[in-house]
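First comes the structure, then the notes that go with it.
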């Protein structure tokens with residue numbers, strides 16, 4: 001059986017060796033060059049390939065059409081991936097006749113993603129293992145062929161556990177490779193209800209928070225100990241690394257981080273204490289804990305810190321253009337509640353943000369982005385993060401005022417992007433679910449779905465294309481000039497303060513606000529083309545929490561990423577939305593103060609939106625990136641969002657004094 005192997009690290013060596021021993025014909029091995037910044041403690045797949053006269057390649061992008069063609073020419077029966085660090089595209093996965101299989105270092109479906117070896121130790125797990133599974137477009141989600149569990153003892157660290165997993169992998173492959181060759185394997189689908197995801201770990205993850213329990217910190221130490229970068233803290237301004245530690249019972253009422261004794265070196269934690277058995281200072285060598293304490297000049301009662309004392313952390317300055325808008329005002333509320341951010345905002349109105357005006361961390365200027373260009377450039381230079389939230393985003397305006405949409409949504413935002421490039425400021429840019437256009441995928445994926453729009457004479461696409469081009473410009477600036485950016489794509493966010501009823505009166509609002517106005521005024525609810533179009537509605541609180549995590553950007557893992565933010569479980573047609581809204585309206589305490597329901601009326605899109613409109617039948621997001629990068633998933637059901645949105649708008653209507 002002919003195989004093409006994607007492999008790296010010790011697990012790659014184990015996999016290649018197992019295939020050789022099992023009698024597979026290896027047509028090619030694709031691997032990575034060793035990175036100068038990475039401590040190379042593991043075996044070389046390339047060396048094994050050379051010793052066995054197997055062609056070996058190190059492409060920059062294995063998913064490039066040229067490499068896909070080369071792999072196709074090899075006509076593999078089977079593909080194996082052993083700790084290869086790049087996801088393989090569907091075009092590659094579909095090449096082998098038997099299938100493509102991946103070796104993963106956990107007991108799937110738990111701990112999908114990167115670095116499961118370290119994560120299981122961080123989380124104090126007592127068992128892990130290895131899994132050979134069929135590869136699918138979703139990482140680590142395919143059916144399982146074989147697994148082997150590995151016990152984790154308190155004496156295990158990342159390196160000893162890594163060696164155990166390599167041994168387990170060799171055993172799994174020895175058993176299952178003949179069955180794959182003879183095509184007599186049984187496969188078990190993964191249980192999605194217990195799936196979990198973990199992200200890539202960086203050296204920053206080794207920073208010690210002494211407020212955590214000692215057991216948690218001991219797990220962190222063993223999870224990232226040598227040859228990984230290590231768990232670290234600071235004594236004054238000097239960094240030191242802890243290589244080995246153990247929990248010590250402690251009932252003393254001491255502040256976390258306090259040195260309780262020097263030899264042994266024992267430090268108070270959130271509960272119990274941590275004894276440092278070995279470690280080293282930043283400029284020192286590996287040494288015993290007591291000697292490390294002397295080298296650092298520690299005394300009993302000294303206080304250790306997660307960061308050097310000499311560095312004063314100021315609040316992060318965030319510039320929000322369009323701060324009075326739906327997303328802007330809700331985001332401002334979340335950032336101010338956190339307390340670590342200072343907000344600078346610009347908008348042409350203040351109705352939604354008046355509640356923030358007394359907050360000393362909120363600075364507002366009333367103005368237009370097309371006029372206040374100097375103020376904007378100055379504050380881009382001054383701030384750390386820029387969110388340009390100004391845009392015309394109501395469908396009727398795409399056909400009513402297409403040039404204004406282009407001028408504001410594209411031209412003005414392009415100026416802001418270029419200022420961010422000039423001053424090297426991080427930009428978090430609101431893309432849109434509209435960029436997917438008429439994509440036929442069942443779910444829209446940020447990295448793989450095609451962006452399909454209609455003909456030029458359908459002017460409604462000017463918004464989608466303007467946003468898409470800005471997405472591409474940002475991506476190019478990131479690739480060519482190092483711009484730090486994140487694109488987020490909201491999918492039908494709803495909630496209080498979404499537009500206003502006055503905007504709805506002139507047709508310039510989103511769907512739910514327009515529907516509420518119809519109920520308030522007793523006019524027909526117009527369902528464009530029968531309201532059959534399906535959308536996935538997302539509560540504003542869910543959306544803002546995801547956006548807040550993008551701003552936090554832990555581990556910088558949102559840099560250069562595109563992230564859908566939506567709720568695929570809240571899919572409903574516009575007609576269903578209207579029916580749910582009507583039911584909520586009928587049971588509302590203020591219902592009696594409004595006219596009778598006038599009924600639904602189906603209208604053609606051309607009569608409602610005008611010439612040049614074209615609709616989209618469905619729009620459902622993949623939120624794989626949001627789960628993986630943010631640890632986020634939506635939780636608010638659509639019925640709750642509808643109730644809260646309706647109540648907010650009904651409370652804004654002027655009613656007779658008795659009703660008030």
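Any Cβ shown, glycine's included, is placed from N, Cα and C.
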Identity of the (6R)-10-formyltetrahydrofolate-site residue among 114, 148 (reference: 136, 137, 138, 139, 140, source: Swiss-Prot):
114
Figure out which of 338, 347, 441 sits with 368, 369 in the NAD(+) site per Swiss-Prot.
347
Could you work out which of the recorded positions (104, 526, 619) has its C-beta surrounded by the smallest number of other C-beta atoms within 10 A?
526
Can you tell me which of the recorded positions 102, 104, 434, 529, 532 is spatially closest to residue 619 (active site, proton donor)? Compare CA atoms only.
434
Spatially speaking, which of the recorded positions 393, 433, 434 is closest to residue 102 (site 'Transition state stabilizer')? Use C-alpha to C-alpha, please.
433
Whole-number answer please: how many Å between the C-alpha atoms of residue 433 (UDP-alpha-D-glucuronate binding site) and residue 140 (site 'Raises pKa of active site His')?
26
Using Cα positions only, nearest of the recorded positions to residue 104 (active site, proton donor) (140, 434, 526, 529, 532):
140
Once the DSSP letters are reduced so that anything not helix or strand counts as coil, what is residue 140 (site 'Raises pKa of active site His')?
coil
Residue 393 (UDP-alpha-D-glucuronate binding site) to residue 140 (site 'Raises pKa of active site His') - Cα separation in whole Å:
37
Cα separation, residue 434 (active site, proton acceptor) to residue 529 (UDP-alpha-D-glucuronate binding site) (Å, whole number):
19
So, three-state DSSP: helix, strand or coil for residue 526 (UDP-alpha-D-glucuronate binding site)?
strand
